[in-house]
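Step one of this worksheet: look at the structure below.
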Amino acid sequence: MKIKVLRDFIFNLTFLLLPFVRSFAYKISPNTFYVKFNSSPFTSSIDHIEAQHVTFHKELNKLGIHVKIKDVFKRYANGLSIETDERHLKRISEIEHVEGVEPVKIYRRIDPINFDHNEAYNQTILIAPNNDINSVHEVTGVKKVHEELRLSGKGVKVGFIDSGIDYTHPALGGCFGPGCRVAFGYNFVDNNDDPYDNCNGHGTHVAGIAGGMDPRDDGPGFVGVAPDIIFGAYRIYSCDSCENNKCANDAEEIIIMKAIIKAVDDGMKIINLSLGIDGNNKNMLATLVNELTKYKGIIFIVALGNNGFDGLFTGGLPATTHHTIGVGSFETNKVLNFKAFDPRNPEFVISYISNNATAFPFENAKIKLFPMDKCLNDYKEFDNTVIIVDLRNELKCPELTIRLAKIKPLAVLESLDKFGVQYKQLTYLPTKYGAMIYSQQTDILIKYLEENPSLELDFSDKYGYMEDHPFAVTPSVFTSWGLSNELDIKPEVCAPGGFMLSAYPVNIEPYLLNSGTSMAAPYITGVTALYYEVFGKLKSPEDIKTALMNNAVPLKSRNKLLASVLHQGAGFVNAFNALISTSFVHPPKINLNDTVHFNGYHKLTVYNFGRGEMIYDLSHLPAPCVDGYNNTFIGNFYGLNFTNQHADVKFDNDQITVPPGSSVEISITFAPPRELPKDGHWFYSGWVVITPLDERMPSMTVPYAGLADDAKSLPIFQTPKFPKLANLTENYITNEDPVKSFSFNTSIRLLIDKPIVHLGLATPTEMIVTEILDANQEFLGFVKDYTGIKIMKNPVETSNNLVSWNGIIYNINDTGTLAPNGEYFIRIKALKLFGDKNNEKDYEYWISPKFRVEKPIFTNPLQ
């Protein structure tokens, strides 16, 4: 039986306009596409733009193609979003003036890492005397900016495209509209003028970090980075629920574009985006961001992502876009803790980190260690107790979920793992009170409990204490690594993002601790507002990015090694140095690429805007080389390989003199490390350091990074671990197993018995093509939904990067055929980094174990 296919594979096997499977790193809006015209509104007249739109509609009528026009863009972007059957896309792409057609993607809010928010139970946040709730500003230079430079971001308009802002919060002004702190905004969820964040909380938390200030005498004294900015709140996320395949943390790309345009029209000079997807730098949102930066001077601060556990190449769009400032996360210096003690031995005290930034509301409680290594017949002994859940141990009771539903623990203390974050959570524990304790505290408490099995702790102290973070001011283990797919240095700069305290919707909890690059990005947004307050009318976005990067400080990771540029970019932000420096160095970063595209000769220009002559010493600060392709493919620095080999860096002069109001160009020659271990793919990096001899002025740094290898040699597939063929229950199938049969019938679990391939990529790819082969491995056709798609790196075994086959073979004759009974293989080919899509040698191949189609397939298979 023949079915009309929706793609002309001869036209272009790499055509990217496909309905992506919903389990990929991003989703798309079904049958919704963005048509981009080839003229920019910034370089063409409005008459020319209008003429392109008119031509497009005329050509559609001539071709007899029916489309539903959803949104039209003629200012800042030139295109429109349409709903149409995808079989028309090839012809639409060939219409005059059409530069490209792409699916409208769904961007995800970058969720916080540490917490599942528990039920609100205490509306008062109490800070112990002599504890500074704003101590994070001490390590970023922001405190000195407030106190010595008297800057607060006054009057700077900053837009937050997020879940809205709870403008009733006292730290965010208490009102909305002209004369209020939150003076501008729009609700794109409900299409009204009220951007109130009453349930999601993400946008309120983000806005508080950037510019909150609680003026109440009886309040906690919370102060954000730039406490006098003017907020623009643009709500694109709804409440925490999922309906019609859309969830609270999902927003269409078109909605984000409309929110950006609204923010620009409202006069926002800086826009914070704590959201992202995977992809490349050429999509429609990236184009809008780049052109608004270039032609309108808008500064985009974007969270890089929380995929650091997957290692290198894990940054997302639009943070990896060229003109944005992509932000990574460091741990804060101090964390808000609460205390409990043994009333029989008051010297025994533990500290716990409450999810709700408030102490437990009860006075005392029995303490029990929850068994992770065995099943019990009865869990009633844990009723009305505080359970210690040691997440470092493996959970071995498969029936635990059912049994836990029958008990009522008073509260849960979840142990943090060695990384300092919760990488797994017992979210099904039936309690509304939750907190975390560090591993060292867990060990002390467990040992003490063994010695005192009837232990009760006193939780009557309701004050919070700012205690030292055990991994203070080091890169967060969750923060995504660079480089970008084009080997561009990302992140540009890092800021505090681990255990950040900020405002939250008052109807839920007035303050909350969260962790993520979503928190680090608004910190940089606030610092940018402080800088803009002084220099906004004088400096371009590139100048401001340069000032932030030049004055960032390279720091060590918790493994005691200097963190790679791939992990921290230019380094940890220093707001005070950026503002007082009278020098800067351009360009702010040096991309050395791979060995094939290597350019070892670069020039930097050192500018002196001071009143006197400046002398600078030039030096080189190397970071350890890192290999992200070891046997385990574990991404964070506990699994990566490091070596102290480094690039050879030579200056034409080791010292330069720059007259006031002038600049001097310096030449630098780079050579990749020469004695690297042979069994890896090594990335090298470091910083060029420019140090003024005037000790009152800060040193400046320029990061560099490169790959000491051909980028095409980087493995796409995680061979031999992945790819893997799986059946309905996700049991992996190997070549040694008997040939597996698939029926393509619906199971009682409403799943389809069809072959599924877990990709688990080691390197992102711009293109995956999936083919069906016969029993002799001869080519039959394509799996339509997997021809030409982009997939990000995701090497973990629980990877969402899946390929499945619905039993239809699509071929070059534009028809689809139901596969008859017989034996088949799936062949997947992935384009290597920097590969030519038209060159078969630039693809990496994988062939599945043989499998069998055992019965006829119904004619309307579920996708």
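Note that Cβ sites are derived from N, Cα and C of the backbone, with glycine treated the same way.
Predicted, not measured: the structure shown is a model, and the values here were computed from it.
Database features (TrEMBL):
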ACT_SITE  ASP162  active site, charge relay system
ACT_SITE  HIS202  active site, charge relay system
ACT_SITE  SER518  active site, charge relay system
DOMAIN    153-557  domain 'Peptidase S8/S53'
DOMAIN    590-704  domain 'C5a peptidase/Subtilisin-like protease SBT2-like Fn3-like'
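Spacing of HIS202 (active site, charge relay system) relative to ASP162 (active site, charge relay system) is 7 Å (Cα to Cα, whole number).
For the domain 'C5a peptidase/Subtilisin-like protease SBT2-like Fn3-like' (590-704), the DSSP counts in helix, strand and coil order read 0 helix, 63 strand, 52 coil.
SER518 (active site, charge relay system) sits 10 Å from ASP162 (active site, charge relay system), taking the CA atoms of both as reference points. Around the Cβ of ASP162 (active site, charge relay system), a 10 Å sphere holds 30 further Cβ atoms from the protein chains shown. The 10 Å shell around the Cβ of SER518 (active site, charge relay system) contains 31 further Cβ atoms across the protein chains shown. On the 0 to 100 pLDDT scale, the domain 'Peptidase S8/S53' (153-557) averages 88 in the predicted structure. Cβ neighbour count for HIS202 (active site, charge relay system) (all protein chains, 10 Å cutoff from its Cβ): 28.
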